[in-house]
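A.B. asks: Before I ask anything, here is the structure I am working with.
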Amino acid sequence: MASTALWAHHWAGLLLSASLLTTWSLPAAAQLTLGDRLPKATRSEKDVILSMLGTPWSCQTHGGCRGSLAKPTIAVSQGTAIEHREGVSFYCDTKDVNITIYWVSNNHPLKFDERMWLSTDRKNLTILTVQREDAGTYQCEVWGVLQVQSSNPTFLIVYYGPDPVEIKLEPGVPNGEAVEVIEGSNLTFSVETLSHPHPDYSWFFSNDSKPITSLSSTTSTFTLHAASKEHEGLYRCLVSNKATNLSRLGALKVRVLERVTKPCITSPNLNLVENASLVVLTCQTSHEGVGVQWFLRGQPLLPSPHLVLSADNRTLVIHGLRRDDVGPYECEVWNWGSGARSDSFRLNISYGPDRADITRGPASEAVSTIKAEFNSSLTLQCRAESQPDAEFHWTLEHSTSVWTGEQLIIEALTWEHQGTYNCVAFNSLTHLASSASVRVRVMGPQLSQSIGAITGITIGSVAVVALATGLACFLYIRYAKGSSRRTTEDLILEARTPTSETTHPAEPGRNWPMPTYANVPNTQEQVRVKKVLTQDPPGEFHEKESSSAVHGGYSRGPRKPQPKLRISVPTLPKGNTESNYEVLGIGQ
């Protein structure tokens, strides 16, 4: 309604102007016309305004009204034009005067720009350089004082294109200058461009092994089935517009990715030792251009100064190897269409042995002293953390024996088992060793020897007593035989002296026997003969005589020499008799 009121206002001004024309005429260039007052009126608005002024729209559309305008005609220099290369001129032909001409394009008032030129009388419209948006219908309208006449539409066709060509591929993922597709998939190529009229299409393919080859498709799309490595290369599409005589070439590089297969992890290091080795793990795969991801214990591996990844992630370097670096490790290779993960890989790291401990049996607490009952069993166990398992060697102080094994089992304890036991754990790969010791005390009766030793001692003692007894008997018999061979002449008896009134008492401490012979008269004094055995050489004894006169002064005359008495004493064996006893006891 606001616009209608505005148009009414304009028409009131025009009526006033018309009344003044009878007395004063302005120059043509300064005359006000209906067209000048309604530069952008639409048909519906015009209808409303003309109805308000009492002039039906049908008068100016169908004619027949008194003083109506004639229908204008429009002419065009050419109905088709090529974008950016040609221009077009429109002419509005009308014989009416005192009118204003307006141009309409595609049922909207024409928007003028620097490419357009309009004559002073507005009958000539020229588009100097045609663009694709200039295409469509054109009309001219003749506006009188109370009427409007519009020409029939004329058409302008603008040829343009093709615009730059873009080739798209489905399914595909751009990666740099190429689009990647998965091996075995069906590929659909399509071209996107703007062109009028519809262009022609020509497809071409080339790669390192094939020259440029023309493909059978002549449309904007074509499909390739079961892509393989042979289909990897450069695809081109030539788009041609026969009307504009222009062509555009589009290109697309295609990379066919194989469906990735399972990779594997390798390591050139075989003998790994804690703190002394640097490990390089490699994720081996035959695929190029794939991503690589490492996993440690099932979780994505985070790089650190201890775990260093190469630029392409295919190599993992472990610095300062620790025992907890055993893994497991996995690597995964992938592209946007497929992926595969390797089997778990574990490192065999040698370490230890750590501190050695000795326990009594399977007990977990280490001990330094063990008390055990006499004749009971005892199990000593040595343990030390080591990879591979350590070798264990047992020794007992003051003994040269060496036992091997993690356990040392004593079935029946004796006093000989008492002492300090030492265990040495040794790792043949790390060449490290660790040791521990335990003191074993045997509790029980205070016996210094075993039953066997006691039996041996008893037998030996009996043997010694028997030997001594035999030796004494032997000496006695030898001595007795020597005495029996002596004659009566060996004994010189002194006759007693005449009877004396004085009798001498016997010498104290002397109790020598006085033999009595029948053929020898009793004398008052006798000569006592003392036979003394003397030893000349070892083992031989000789008899010596000593005589003394007893109160009578009698003495024997010259005597015959007596034979010597020899007593053979057996020579004792050299050495320790106790040692001989021990040997004897062992023999028993």
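Here the Cβ of each residue, glycine as well, is placed from N, Cα and C on the backbone.
TrEMBL: automatically predicted annotations, no manual curation.
For 72-142, 162-247, 263-348, 362-439, the entry in TrEMBL reads domain 'Ig-like'. The region 'Disordered' annotation in TrEMBL covers 535-579. Look at TrEMBL and you will find 1-30 tagged as signal peptide. If you look up TrEMBL, you'll see 451-477 marked as transmembrane segment.
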A.B. asks: Over the span of the domain 'Ig-like' (362-439), count residues by DSSP class, listing helix, strand and coil in order.
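C.D. replies: When I sort the residues of the domain 'Ig-like' (362-439) into the three classes, I find 3 helix, 42 strand, 33 coil.
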A.B. asks: Could you break down the residues of the domain 'Ig-like' (72-142) into DSSP helix, strand and coil, giving a count for each?
C.D. replies: 3 helix, 35 strand, 33 coil
A.B. asks: What average pLDDT does the predicted model assign to the domain 'Ig-like' (263-348)?
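C.D. replies: The predicted confidence over the domain 'Ig-like' (263-348), as a mean pLDDT, is 90.
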